[in-house]
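Take a look at this one; I'll ask things after.
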Amino acid sequence: MSAVASSFRIGPYVVSPAVVLAPMAGITNVAFRQLCREFGSPTSVYVCEMVTARAIVERDSKTIEMMTFGADEHPRSLQLYSVDPKNVTDAVTIIAGEGLADHLDMNFGCPVPKVTRKGGGAALPYKRRLFAEIVRAAVRAAGDIPVTVKFRVGIDDEHLTYLDAGRIAEAEGAVAVALHARTAAQRYSGEADWSRIARLKEAVTGVPVLGNGDIFSADDALRMMRETGCDGVVVGRGCLGRPWLFRELHAALTGQPVPVGPTLGEVAAILHRHGVLLADHIGEEKGLRDLRKHMAWYLRGFPIGADLRRAFAMVSGLAELEDLLGKLDHDAPYPAEAEGPRGRQGSPGRVVLPEGWLDDPEDAAVPEGAELMHSGG
Ligand SMILES: Cc1cc2nc3c(=O)[nH]c(=O)nc-3n(C[C@H](O)[C@H](O)[C@H](O)COP(=O)(O)O)c2cc1C
């Protein structure tokens, strides 16, 4: 069995072990990143929720709040969305000039119809010249800040874009590329095709290639690295309600035995910590409301009555949370039912594109109306 890479570089940063928390809108805020970091390595990378170039240029207050980083968070990884090289230049000039981040990741993977319909997200790499111009603009304006690029396999099986995207990103100065091994048409359904990650690794030889898609356990991460030769893994849904997955990934990638999952008592303590971190970040009321979406993920598979589950899903304050956590059977062991896929799955669907989008891949015109204002995906 071949050894897996233990670290890779994002420009000046050594990422060790070779694990990245995937950017997830509505999830990877400062509180969640901190929690994952407490379980994982301080030298892994934990990416912030996506923000849009336009929102930065217009100093949108919600976006500024989303760009909050922990006092000792390093590197401060920010994901940026844009379809317009000019906006990218302006936004990245602000980020670099005001020292707002230490690493920029460019998002070209969004499959949401309202985004692809305008030519944004996963539709964009089909326009090779425009894609190149956007990456170039980011790299130039970023100066010393390293830029990485994240994309999907393509629009659908007939329109694969990932090999060109990888080569172009490398040529334009991206210091690493990450592939979510699904097409936009797949959305989050079916399985990620890891063989694409292996193909990309063959095509992109000068910068690290990161694999993404369907890592739900430490073993999955090892398997992806062995099967594809990728330099690192990007983990999204697998850590929803399971930030301790980073402890397991850390162990597996450094050759240690993978610890067993937490008891319900330990999960209760982690859930409480998550609530406290959110309350510190956005206030108790908003924070606890945000925590509600994580409840089913945290409690999945544990023996908890339906009434208690419902109460967790409606929690509105820390004292109430503490009261509910006290009602749990703290000795209940980690259940097998908590393993396996979690989070968004959905079903595949045709990718809606702007009219004539597929006619000319070399057309570098900025698509109209695709420059989103709202950060957070
Ligand atoms: C709730 C949610 C929000 C996401 N938001 C973003 C985003 O803002 N930017 C991005 O590049 N990918 C986003 N993704 C995609 C993930 O980063 C990742 O590529 C995808 O979930 C596949 O990895 P996984 O199988 O480990 O979850 C999101 C995924 C989920 C589930």
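Cβ coordinates are placed from backbone N, Cα and C, and glycine is handled just like the others.
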Taking TrEMBL at its word that P23, M24, A25, Q79, K150, G236, R237 bind FMN, choose the one of H159, H180, H250 listed for that site.
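Looking through H159, H180, H250, the residue TrEMBL assigns to the FMN site is H180.
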Can you give me the Cα-Cα distance between R237 (FMN binding site) and C110 (active site, proton donor) in Å, rounded to a whole number?
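Roughly 15 Å, rounded to the nearest whole number.
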Max Cα-Cα distance in Å among P23, M24, A25, Q79, K150, H180, G236, R237, the residues listed as binding FMN?
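Comparing all Cα pairs, the maximum is 17 Å.
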Within 10 Å of each Cβ, count the other Cβ atoms, then let me know which of the binding-site residues K150, H180, R237 comes out lowest.
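Minimum Cβ neighbour count within 10 Å, taken over the binding-site residues K150, H180, R237, occurs at R237.
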Over the span of the region 'Disordered' (332-377), count residues by DSSP class, listing helix, strand and coil in order.
3 helix, 0 strand, 43 coil
Summarise the model's confidence over the domain 'DUS-like FMN-binding' (21-323) as a mean pLDDT value.
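On average, pLDDT over the domain 'DUS-like FMN-binding' (21-323) sits at 97.
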